Amino acid sequence: MSLHSLRCKEFGVAMTENRMSVTRELTGEGLEIRGRLPPGLCGTLYRNGPNPRVPDGDAHWFLGEGMVHAVTLGPGGASYRNRWVVPAGQVRLLGKANTNIIRHGGRMMALEEAHAPVMFDPSSPGATGPMPTAWHVGMAPFTAHPKHDPRTGELVFFGYAADGPWSNVIRCGTLAPSGRLTWETRIRAPFCSMIHDMAVTPDHVLLPVLALVGRADRTDRSGFGFAWQPELGGRLALLRRGGDGREVRWFDAPPGYAFHIVNAWEEGGRLFLDLLVYDEPPLFPRGDGGHGSCGSVRPQRWSVPLDGRGEARVAGLPDVTGEFPRIDERFAGSRHTRFYLASRAPGRAGGFHAITRMDAESGQGDQFDFGTDASVSEPVFVPRAPDAARDEGWLLAVAWRPDWRTSRLAVFDAGHIADGPVASVILPQRVPDGFHGNFIPDAHPGRGIA
Ligand SMILES: [Fe+2]
């Protein structure tokens, strides 16, 4: 069974139609804006995702070369720029850098979990190279989902398969706001798990070592060798920030697999994390080589006792079928109420066609549906002002519909999503389905970063 057949069978044409690569690197100024951009919304939304230079129908979606799409908003209007992150000749050295793009220590970093971060200069046609050695992150793996601690400005990270492909060693550490490495330790896990995301609180790190297991003896021709083996049992690794990896506390994980963690916090002696849980991970085969299921996904709240005495617990959250969750990240690591995600109608296969805000306590949702043929990105929350109240801000998402023949950047008032976008920027080309991105205030591609 090829991954291509799995993808097409399980996810249907609607999900793959906006997966096709674009072939041009464009710069577009003075873009058409429908509605009115909020006057204070100044900066650049960077989005990263796979965009293979040479499309290969049998290659896994996760393995395409990263392309960054940047939409800059400001008093002068809106502009767009897209570039492959890594020059073609450097992919073997730097990796594909296709999953996320963040700023830390004054540098833009394109991330993909099997490689070191790649510095990305938005004014250049491609990457400038790997992270400088002064940052001491070397070529070891570095998650695409490091977490900024809003209290300290630190960046907490991990990397699985840290002792080489398929190894069971996980590295975990912290970069100071300057980018300097201030903590690193190693954890020995029961197996090599694809750990896509992490939970971080002011004092602890939790890594979901779930049973999507990598083994060298089942790699496909593109080098992917992960399969779902729930019989091995998932584990949760709890570690004090700054601690020694040998002190890790292990818990049996609740059933299922999660790519993404919404947020985590500590309360009453427990660490809580909200996450989006699949019965089994989509896009991957089972351990016996059989087809995985498309898998339903639902939000859950997991928790573990901080003293290690007791078990992991599961609580349900209001139901929504979606992915790519975000919060108001000024408050990451403390208990949130609202989260935002790309969503789809229950029971429907395919991509995501709506933007939803969920209230985890009341179960109240607020949603805007772009239409069932649409494909919508992760919604990125941008506070209305640096000191705005929690959840007072804008949601930025890139949406595509076949009848538009291009993509649009949709700007929502995060408090009134169902009212539809307050502004839509018509982009000069289609933006293929991607993974993650961030809004960097006052960043202007082509003029360096302010
Ligand atoms: Fe992700």
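The chain as shown is numbered from 1 upward.
Backbone N, Cα and C define each Cβ position, glycine as well.
For the Fe cation site, TrEMBL records HIS145, HIS196, HIS436, and the single candidate of HIS69, HIS104, HIS260, HIS353 listed with them is HIS260. Listed in chain order, the extra residues whose Cβ falls within 8 Å of the Cβ center of the Fe cation site residues HIS145, HIS196, HIS260, HIS436 are THR99, ASN100, THR143, ALA144, ASP197, PHE259, ILE261, PHE324, PHE435. Here HIS260 (Fe cation binding site) comes close to HIS145, HIS196, ASP197, LEU275, LEU276, GLU323, PHE324, PRO325: these same-chain residues lie at least six apart in sequence, with C-beta atoms under 8 angstroms from its C-beta. Counting every protein chain shown, the number of other Cβ atoms lying within 10 Å of the Cβ of HIS436 (Fe cation binding site) is 22.
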